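As written in TrEMBL, here are the features:
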REGION    1-35  region 'Disordered'
COMPBIAS  19-35  compositional bias 'Basic and acidic residues'
DOMAIN    103-561  domain 'Major facilitator superfamily (MFS) profile'
TRANSMEM  200-218  transmembrane segment
TRANSMEM  230-251  transmembrane segment
TRANSMEM  263-283  transmembrane segment
TRANSMEM  343-367  transmembrane segment
TRANSMEM  379-398  transmembrane segment
TRANSMEM  404-423  transmembrane segment
TRANSMEM  435-456  transmembrane segment
TRANSMEM  468-488  transmembrane segment
TRANSMEM  500-521  transmembrane segment
Amino acid sequence: MHPKSRSESPKSSSESPTELEKPLPLGDHRKDHQASRSFRHIFQRRRIDLDSIATQPSVFDDPVALEVYRPPPEYENTHRFDPDARWTWREEKKLVRKIDIRIMIWAGVMFFALDLDRTNISQANTDNFLQDLHLTTNDFNLGNTLYRLSFLIAELPSQLISKRVGPDVWVPTQITLWSIAALSQYWLSDRRSFLATRFILGFLEGGFIPDVVLYLSYFYTKTELPIRLAWFWVSNYITVMVSAFLATGILSLRSGDRAGWRYLFLIEGLITFAVGIISYFLMPPGPTQTKAWFRPKGWFTEREEVIMVNRVLRDDPTKSDMHNREGLTIRMIWSAVCDWRMWPIYVLGITHMIPVGTPQTYLTLSLRNLGFTTTQSNLLTLPSTTCGLLTLLLTSYLSEFVHSRVGACLVLQIWALPLLVVLRGFGRSTNQWDYFAVVTLITGFPYIHPIQVAWASRNSGSVRTRTISASVYNMFVQAGVIIYANIYRADDAVSDKRGNLILIIVCSANFIIYMSTYFFYRGINRHREQQWSKMTATERETYLETTKDLGNERLDFRFAY
């Protein structure tokens, strides 16, 4: 029999009022993985009784904290909140698998569509794209800069629109609009049209990622989200592999004055357009809002909705702070932007990808310059893509196993530094396959961006801050992309020695930034723990009932690092 809340349990005439009011016991406390775990335990899976209670202890088990954190009436899932609800591990695991199938897989498909339209410029480059439009390397750099700049500008406005109308409405609209801009590149004619479409495309795509991350946080706990985001970014690598094969076939359509790259933009834009239309029907507003005229029974039963809502709120009670269609005020936005506790993660957003981003941007163009054909250049990106996919997953799981965001993220810098030193030592006489081997390893780097996205979400501490921090963090990431897209210059094109030296310097600096972030958050946590431990039980209750601190400002909030 499934554990049930008091509202679900049938009354028996033999039960006393005291017995009826006594809630069922909680499950064993499943803490975040501890950094002190032994190496052997990292690879051992904990055995659990699937029919035992899975409901985790939370603030809702304390009568005082319950009233402090009780979801407000305007929260869309309040009707499914029940502090006495209990469920088994069997139920929870089955439900999480169902969420993965219904929600997570389509999120990956939408990300596939984003990457298809924003990265096919690399395949176009292998088909004489620059020569056909009479563009230089610097023109190409400017186009990428305009794309990233508009992408950055659109981040926050897009997130605010999404928060007001709901990601289930805004995200499909975004995809549909940018697909039209993407397929219109079929009619590019000169430098001006190239720069204009890059800017428009970036502006329409900006905000998509933080919109989807916020949407996924409605369904997953803070320990589940980093791994789900890792798989979310796997679609990025799948896109690279699939698009390489698509480009090999589509680019061969070149005939007369119609280049193959024109058909590439047109066909892949139409694919994305189809994804955008379908997304209107496959993105429900939230866990308890899956019913629609075309889906009258919804995706989840009432029991499943109770489990979904209560397990997420027990993990993070602040997720009920706002309705999923509640907009943000200017004051809320300014307060979130001024949250200095989030600034170290924003700084890392700029710098973490610079050492490897530049070689990745120019991979296909570099391969063409080495003498490889169009087909060879596209297919030779597959080894680095496969390597990157595997290291992405390994690093994301490592982050959860060792319970250290900084430790897992440093893997990228450790990976890149010696390879960049070797790359800078190459010259004109270097064998093309030696160059290919080193660049493949550099561009097959452990992609730790999903870890940092989840890290920013975790340390936000409230829906208000999480909404803004997702956009602000991604804005800083795009600023980093603008920087690294302009490190290789035309006057250094022969060996890129100057550019590679810059990458080595930035990579070395990242070690210092990460360690500073580690001690920054650890210091705040220790200070708060000392203050909290000095308070009596009565003082803690008074603080919880009267404090005006919000989100990560609260004395009982602890940062991940």
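The backbone N, Cα and C atoms fix where each Cβ goes, and this holds for glycine too.
Long-range contacts of the transmembrane segment (379-398) within the same chain: residues 122, 226-227, 229-231, 233-234, 237-238, 240-241, 244, 248, 363-364, 367, 372, 407-408, 411-412, 415, 436, 439-448, 450-451, each at least 6 residues beyond the stretch ends and with a Cβ under 8 Å from a Cβ of the stretch.
When Cβ-Cβ distances under 8 Å to the transmembrane segment (435-456) are tallied for each of 263-283, 404-423, 468-488, 500-521, the top count falls to 404-423. Contact check: the transmembrane segment (500-521) against the transmembrane segment (343-367) gives at least three Cβ pairs closer than 8 Å, residues 6 or more apart, which meets the contact criterion. On the 0 to 100 pLDDT scale, the domain 'Major facilitator superfamily (MFS) profile' (103-561) averages 86 in the predicted structure.
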